[in-house]
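> According to TrEMBL, the protein carries these features:
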type	residues	note
BINDING	Thr98, Ser99, Phe128, Pro129, Thr130, Asp131, Asp197, His200, Tyr222, Trp252, Thr278	pyridoxal 5'-phosphate binding site
MOD_RES	Lys223	N6-(pyridoxal phosphate)lysine
Amino acid sequence: MSESLAPRAAALDAADELAGARKLFALDDAVYLDGNSLGALPAHVPDRIADVVTRQWGQLRIRSWTEGDWWTAPERIGDRIAPLVGAAPGRIVVGDSTSVNVFKAVVGAVRLNPDPARTDVLVDATTFPTDGYIAESAARMTGRRIVPVAPGELAGALGPATAAVLLNHVDYRSGRLHDLPSLTAAVHEAGALAVWDLCHSAGALPVGLDAHGVDLAVGCTYKYLNGGPGSPAYLYVAQRHQAAFDSPLPGWTSHEDPFAMSHAYTPAGGAVRGRVGTPDILSMLALEAALDVWDGVSIDTVRAKSLALTDFFLECVAAYVPEGRVTSLTPAAHAERGSQIALRCDEAPRVMDELIARGVIGDLRRPDVLRFGFTPLYVGFADAERAARVLAEVLSEQPRD
Ligand SMILES: *Cc1c(COP(=O)(O)O)cnc(C)c1O
């Protein structure tokens, strides 16, 4: 093994303006590189949830819907997420899973672009599976057909038959970042609507939904936003589409006057019409509390650190791991990199088991990809160095029986 990069890591950590954020999280000595799958617990969340359960639910009971502001939580928390993804207030509503919001967004996009000559819904061929399954069903239900397209070939696939396009901002497997501004512009040039899935970018890098004219977007909150397991997802509806957005799941909580209990449905104005039914308050308020860690944090600073961390991790891997044992699937170019590094590796399942046993927590995407997510709020440069060093150790040992 070559010279240790630990002193460099220490110097980088000492100069890191986000280093102080780590103490906001409940972490142990492990190197946690799975924040792209389940973000770590912000340390103050358990007390906040205990208050919601014992005081709001336990004592105020039904009054909490109004006095505890439970009713407005989906919009209020949407406004907390908005600055992280470049949206003005009133454009994001929180609730349901990402899968369900993909359904609302794809059907909604087709209904906003109803020309019957626009028969196609294009979907990222490498997408996270749920997006593909749901888009296929949404296309079938709206009388459209699904056309899988590699993101790099999108320009050639767009045309007068395209109704809508569903794309992932960052590929969950490879960590490749797609160019949201130029792809959105190309989709619009073809007269279609762009729906973006931000699961692997929100909280890790600037998105600029309003600035780049994105039509609709969805994302989860339990990855880089640390909202907790199964925390509710969100739906973004561009202001210019809000009056016409026709949700395929119009529930009573998206009615303009829910307590009129009317049999005729009249949608509320704004992003609120993306609501469906009663929100899951415990998860929702855990997410709201978790978002406190972003107070005073600039997403540009987060992005700068994310790139520095992934650069440094790749440098450590190159220095420590014998040539040819791993290959990065994540682009080297910053403009094409999200906040994770995916390494292709023979015997990846054994290697990841060993890494986890030695306190380096990443994950495996079968058959042969090791994924390492870098969450700038709580991962440091010493963590990156240790992860690469332990990876080199594991690879230098013989496989066990
Ligand atoms: C994590 C992720 C999801 C998860 O969807 P759920 O409905 O929360 O299970 C969906 N799409 C992408 C691209 C993801 O990365």
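Placement of Cβ uses the backbone N, Cα and C atoms for every residue, glycine included.
It should be emphasised that the depicted structure is a prediction, and the values quoted were computed from it without experimental measurement.
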> Between all pairs in Thr98, Ser99, Phe128, Pro129, Thr130, Asp131, Asp197, His200, Tyr222, Trp252, Thr278 (listed as pyridoxal 5'-phosphate binders), what's the biggest Cα distance, rounded to the nearest Å?
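Taking every pair among Thr98, Ser99, Phe128, Pro129, Thr130, Asp131, Asp197, His200, Tyr222, Trp252, Thr278, the longest Cα gap is 31 Å.
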> In sequence order, which same-chain residues at least six apart have a C-beta under 8 angstroms from Tyr222 (pyridoxal 5'-phosphate binding site)?
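Listed in sequence order, they are Leu38, Gly39, Gly228, Pro229, Gly230, Ser231.
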> Which three-state DSSP class does Asp197 (pyridoxal 5'-phosphate binding site) fall into?
strand
> Calculate the distance in Å between the alpha carbons (Cα) of Thr278 (pyridoxal 5'-phosphate binding site) and the residue listed as 'N6-(pyridoxal phosphate)lysine', and round it to a whole number.
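Checking the Cα atoms of Thr278 (pyridoxal 5'-phosphate binding site) and the residue listed as 'N6-(pyridoxal phosphate)lysine' gives a distance of 23 Å.
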> When the Cβ positions of the binding-site residues Thr130, Tyr222, Thr278 are compared with the atoms of ligand 1, which fall under 6 Å?
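The qualifying binding-site residues are Thr130.
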> Tell me the Cα distance separating Lys223 (N6-(pyridoxal phosphate)lysine) from Asp197 (pyridoxal 5'-phosphate binding site), rounded to the nearest angstrom.
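That separation, Cα to Cα, works out to 13 Å.
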> From the Cα of Lys223 (N6-(pyridoxal phosphate)lysine) across to the Cα of Thr130 (pyridoxal 5'-phosphate binding site), what is the distance in angstrom?
16
